[in-house]
Amino acid sequence: MSRHSAVVGLFLSFGIAIHLSHGIEVNVLQEDGQLCLYANLMLNFSVAYQGDGEQFQTVVFPLPDYASSEESKCEETSSTLKLKFGDGHYWSVNFTLNKDSYQADTITFSYDLKDDLLFPNSASDEIVTVTQKAHISEIDLNTCYSCKSQDIVQAEGTTMTLWNVLIQAFIPDGRMSQDITLCAADAVTTTTAPTTTSTTTTAPPTTNATTTAPPTTNATTTAPPTTNATTTAPPTTNTTTTAPPTTTSPTPTLPPPSTGKYNLTTPNNTVCLLASFAVRISFTQDGKNEEMNLDPAVTKASGQCGENSSELELVSDQMTLTLAFTNDAKKFRLQALNVTLKTSSGVFADGNANLSLWEAAIGTSYMCNRELNFNITNLLSLYTSNLQVQPFEVKKDAFSTAEECFLDSDLSFLVPIAVGVALSFLIILVLISYLIGRRKSRTGYQSV
């Protein structure tokens, strides 16, 4: 028996401040007006596409708050949550009912590259549809699925990042359950911090995804005041030494990042992209400066190689780093960088698609062993060291001749010498001016 649904409401959640993200709450009703499917989640998209002039571009955008869920439906053994937005885009999840549980089978994302607002300068006008297996399975019947942790779903050049998720499919009698089935990532967090468990159990009846995040955020925000309230720090080191610890208190001083080596291969097992570097991300979230290292030991590399564009995506437990390179026939460069971080305050996502970094001739590699600092946006900085990349024309599975950055070159020692010479000339000019001025003042006092 099919029971098609009507939508009660779809609106922007409140109370959670996460960069580049919106919270969506959906109530799907049966024809008799009873609630049959509930969803509250936060979702960001990252899409790589071909721009004009064969240039590779990556855009990052949230699920808009004006999305419509009119085509969502509830059936006896299957349900669909479908959110349509913009000009021909939609995101959907299919749920199936088992004997004592339910699960999300697939996630589908369809986007139209003709949409200039979302995909400026797109060279294609096709509609791209990607489908990937969902990570939501074996949810006890008549319970809500809750996952505040970041869930990253990747498929063919697209990345979907979900968090603060609260979903219940196949709701009996139109009433949401008070019981919760936690995702694996939250279950680990819960065992280490029992306080979070008690918060999660009370939150679901209302707007869980909206209400759960503030307690976690407040927990971290309340900690620094308690530390500062121990009026021992200000007297000891006055203002100079105490200020930095307060900023970095959420994340203690990090050790130097480890150097990781990454590569992409073609279907015939030939290496088409090589990268080696140590990466540290510096970002500002909720007014606080924080840092995070990319750990090569738990990082998986994926992506795609093309003739004029290549993309390297590095995914660890807490970080997703996407690097997009472009080839203009003579030189390559890093054109786009996007970062998604799982932090104690939620999720941070930021990026820039108009960069011009790590430039070198095609057929060579770019290398810089010294530490470099790149300001990607006003909220995001990238620190690299031991850097060497070659995104095109890799031969014999090894780096080609390297074009060194200025800091690594032998000419870098000329900079302090030039500064010293300039200062010497400045001092000499000041002395000459002083002597001339003094001589003139003496001639003024001669007797007539």
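The backbone N, Cα and C atoms fix where each Cβ goes, glycine too.
Please treat TrEMBL annotations as automatic predictions, because they have not gone through curation.
Taken from TrEMBL, the feature signal peptide covers 1-23.
In terms of DSSP secondary structure, the domain 'Lysosome-associated membrane glycoprotein 2-like luminal' (29-170) contains 3 helix, 89 strand, 50 coil. Per TrEMBL, the feature domain 'Lysosome-associated membrane glycoprotein 2-like luminal' maps to 29-170 (among others).
Positions annotated as disulfide bond by TrEMBL: Cys147-Cys183 (among others).
The region 'Disordered' feature in TrEMBL is assigned to 193-261.
For 193-251, the entry in TrEMBL reads compositional bias 'Low complexity'.
Secondary structure of the domain 'Lysosome-associated membrane glycoprotein 2-like luminal' (257-395) per DSSP (helix as H, G, I; strand as E, B; remaining residues coil): 3 helix, 94 strand, 42 coil. The feature domain 'Lysosome-associated membrane glycoprotein 2-like luminal' is assigned by TrEMBL to 257-395 (among others).
Taken from TrEMBL, the feature disulfide bond applies to Cys368-Cys405 (among others). Sequence-distant contacts (6 or more apart, same chain, Cβ under 8 Å) of Cys405 (disulfide bond) comprise Tyr366, Met367, Cys368, Arg370, Leu372.
The transmembrane segment annotation in TrEMBL covers 413-436.
The domain 'Lysosome-associated membrane glycoprotein 2-like transmembrane' annotation in TrEMBL covers 415-446.
With a cut-off of 8 Å between CB atoms and residues at least 6 apart in sequence, the same chain places Ile136, Leu162, Trp163, Val165, Leu182, Cys183, Ala185, Asp186 near Cys147 (disulfide bond), listed in sequence order. Annotation: Cys368 carries the greatest number of neighbouring Cβ atoms among the disulfide-bonded residues Cys183, Cys368 [cut-off 10 Å, Cβ to Cβ].
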